[in-house]
Ligand SMILES: [Zn+2]
């Protein structure tokens, strides 16, 4: 048993309480390699933002769980070396079984998500309560989910979205004891969040996605006032990144995300954690494609992963400062 406290990490409890009161959201950035981690920590230290380092089960397999705990400890020390000790959470994204959540609690995670949203309601309650009971013994915080997001992300996929039913949230929170709740209000996983048929086009031919269901968010807030809400699938899929990728040999078609103004509005409410993964993937891919297109003879990984890391860091700083409002809150 390795406690996250030995790694210098914190759970999400205090961060969320402050974020809900302060009208901002904590960034939850996914990572699975060194350059992504360096970019996240550097961006958060420079903007003095708390951060949730997020690892999916696929990323945990990719990066290796033994390396991961040392990377998390390294992130804490790296922030210190950069000159500012920001609070860092290590969080499991989309845990799907009790065993996986338990294994993460035992290997240094300070927070886990148990996603039982694809199960019938009663089964979701039962599974989530089981994880909460175990995790809380070790002071590890737990995120649950009600409602299903459309889209594909690692091993999580759904063709259709099911909005969260506000009438279920009080009962779910009470019966499970979760610390935060992911809800479905029209965000979606991946870089193709909506089909062109679901969107309208502006005069430049740019796809405009359907707006988020703020009415559902408000109804949820009314029923569980001050309770921390989480938004998944909240990348904005910037058109300029798609343009760089496609003008350097890429073939991303009809990629569309959530407009940043809508995320800003959500972050000012009870939404206190916003998950951003696809935008980071796009920023890295755009930077790497540009290097390879402009200099096909390049073969030193530092010469393309370095620019990718720089691009990621700028993207994260932009999200922290202009979208989530978490700058200066560490
Ligand atoms: Zn998700």
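Cβ atoms are placed via backbone N, Cα and C, with glycine included.
Automatic, uncurated: that is what TrEMBL annotation is.
Its Cβ placed at the centre, residue 93 (active site, proton donor) has 27 other Cβ atoms within 10 Å. Per TrEMBL, active site, proton donor is recorded for 93.
DSSP assigns residue 232 (Zn(2+) 1 binding site) to coil in the three-state reduction, outside any helix or strand. Residue 232 (Zn(2+) 1 binding site) counts 28 other C-beta atoms within 10 Å of its own C-beta, drawing on all protein chains shown. Among the features that TrEMBL reports, Zn(2+) 1 binding site is placed at 94, 189, 232.
DSSP assigns residue 145 (Zn(2+) 2 binding site) to a strand. The Zn(2+) 2 binding site feature in TrEMBL is assigned to 115, 145.
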Discussion item. Just to verify a number: CA distance, residue 189 (Zn(2+) 1 binding site) to residue 115 (Zn(2+) 2 binding site), in angstrom, no decimals.
Written reply: 14
Worksheet item: Rounded to a whole number, how many Å is the Cα of residue 232 (Zn(2+) 1 binding site) away from the Cα of residue 115 (Zn(2+) 2 binding site)?
Response: 12
Worksheet, complete the sentence: CA pair residue 145 (Zn(2+) 2 binding site) / residue 93 (active site, proton donor), Å rounded to integer, equals 11
Response to the item:
Sorting the binding-site residues 115, 145, 232 by sequence and keeping only those with a Cβ under 6 Å from ligand 1 gives 232
Discussion item. Between the Cα atoms of residue 94 (Zn(2+) 1 binding site) and residue 115 (Zn(2+) 2 binding site), what distance do you get, rounded to the nearest Å?
Written reply: 5
Worksheet item: Under 8 Å Cβ-Cβ from residue 115 (Zn(2+) 2 binding site), six or more apart in the same chain: what's there?
Response: 94, 95, 96, 144, 145, 156, 182
